[in-house]
Amino acid sequence: SGAFPPQLRAQMRDLARGMFVFGYDNYMAHAFPQDELNPIYCRGRGPDRGDPSNLNINDVLGNYSLTLVDALDTLAIMGNSSEFQKAVKLVINTVSFDKDSTVQVFEATIRVLGSLLSAHRIITDSKQPFGDMTIEDYDNELLYMAHDLAVRLLPAFENTKTGIPYPRVNLKTGVPPDSNNETCTAGAGSLLVEFGILSRLLGDSTFEWVARRAVKALWNLRSNDTGLLGNVVNIQTGHWVGKQSGLGAGLDSFYEYLLKSYILFGEKEDLEMFNAAYQSIQSYLRRGREACNEGEGDPPLYVNVNMFSGQLMNTWIDSLQAFFPGLQVLIGDVEDAICLHAFYYAIWKRYGALPERYNWQLQAPDVLFYPLRPELVESTYLLYQATKNPFYLHVGMDILQSLEKYTKVKCGYATLHHVIDKSKEDRMESFFLSETCKYLYLLFDEENPVHKSGTRYMFTTEGHIISVDKRLRELPWKEFFSEDGERDQEEKFVHRPKSQELRVINSSSNCNRVPDERRYSLPLKSIYMRQIDQMVGLI
């Protein structure tokens, strides 16, 4: 507390709340009911109907008031019961999924389905830890909306020979006739948390089963030699189109949801898959010295390799990888998390933002934009919860002040087009309110019910809180199944996949952990230590 006074902490908490309120209020004033706010020109943004191929927009924006839906549980966490209740009623009364919108299954699941389920759980929680978040005459409308959306996403899982879903569906008509047969591992394999929660709340195994089938299909396609997965796969043939294996885009949340599915549902096979994957990651992706803060060589870094050979494929990392220290905290690998987080924070210190791609060999950004992503903030928050070291409060303050200085515009916070010259793009993605602001607020709000209520919470990959309790570890449909997977009596047949023996992965080879001059030749240690020593000397 001496290194970060309580008054300063309260000031930063209020600054984080103010950041959320400024973005949210401007969205409601200038953009609702459209999906996103254009914060520079104070206008709303929806799907790009004129250019269906504009996937950067159309994958995410479904013409269903995305930013409002995505922000629901942030309102509750900040204790704003009146606005939460108002927002929930607006969603119930105005949002419909009966739209001619072709959206990415993954984005609709984590941003919309996950938020509806989180808000439903907050409303129906008998303890009401965040204040009175109940809705008068609430009749499970958000749960029914979540079910409606999930049913509209189900066609993605049909007519696929592997069980791996199509990447996109039209909410009215199903899978488009010209649909792509290629999908990324994270997009197809990170649906189990939301689909599993929905199944267990409804007592309908369908959603969890299709999501779990996709995870197992991807898992069974991993390399026999390395245990690694690629980043792009053909859903009909099971052929790996993208053979890159890393921790960033295309794979990140696949690993995250193996662990988080186990935390929520208690299925041992999820933990077994995660442990095997983590072992392969450590054996083939990790470079640098063994220990975080001692020994010869450079600090640890996780690189992109060929899934079959484990050989380096390129010399960049992307900003999404900054989530990984937070995941390491959840499994107790805190020392390695501290080291990896420091690497990403050193990059933030240099630019006042995290470039989308950073070339660790050239020590320069490869892709220069920063769309207000939350991953570094998320890991900062989780590391503070694990260590209580005030260093992470300083990191959070630095990030807050950078966002205020470089991204705040007339009606919200804007994407940085260029992290060096700080030019901007007129877009504020929904995850800024649902994740970035939320994690910053929670970092400084030590008395928040998330920390003090006695309820254990887990965050989805979109930052939505889900209480971890035994109800989600129960299978309400279990009694209907016989041993061979058929339902008893006159219930409709639903195949229930049986647990499969996991292959033992040979991880005895440590040679790829040794730094190689060609792979990792830069003085990262000096950057790392210089930047971090300016703070509180954690490392």
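Heads up, residue numbers simply count up from 1 along the chain you see.
Using N, Cα and C of the backbone, Cβ positions are placed for all residues, glycine too.
Listed features, source TrEMBL:
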type     : residues : note
ACT_SITE : Glu107   : active site, proton donor
ACT_SITE : Asp252   : active site
ACT_SITE : Glu356   : active site, proton donor
ACT_SITE : Glu375   : active site
BINDING  : Thr461   : Ca(2+) binding site
Report summary line: Judged by other C-beta atoms within 10 Å of its C-beta, the most isolated of the active-site residues Asp252, Glu356, Glu375 is Glu356
Query raised in the report: How big is the Cα-to-Cα gap, in Å, between Glu375 (active site) and Asp252 (active site)?
Result: 11
**Report entry** Cβ neighbours of Thr461 (Ca(2+) binding site) where a neighbour is any other Cβ within 10 Å
**Finding:** 25
Report task. Provide, as an integer number of angstrom, the distance between the C-alpha atoms of Asp252 (active site) and the residue listed as 'Ca(2+) binding site'. Result -> 10
Query - Rounded Cα separation (Å) that holds between the residue listed as 'Ca(2+) binding site' and Glu356 (active site, proton donor) - result: 18
Query raised in the report: Just counting, how many other CB atoms are there within 10 A of the CB of Glu107 (active site, proton donor)?
Result: 20
Requested in this report: Taking only the Cα atoms, work out how far Glu356 (active site, proton donor) lies from Glu107 (active site, proton donor), in Å, as a whole number.
Outcome: 19
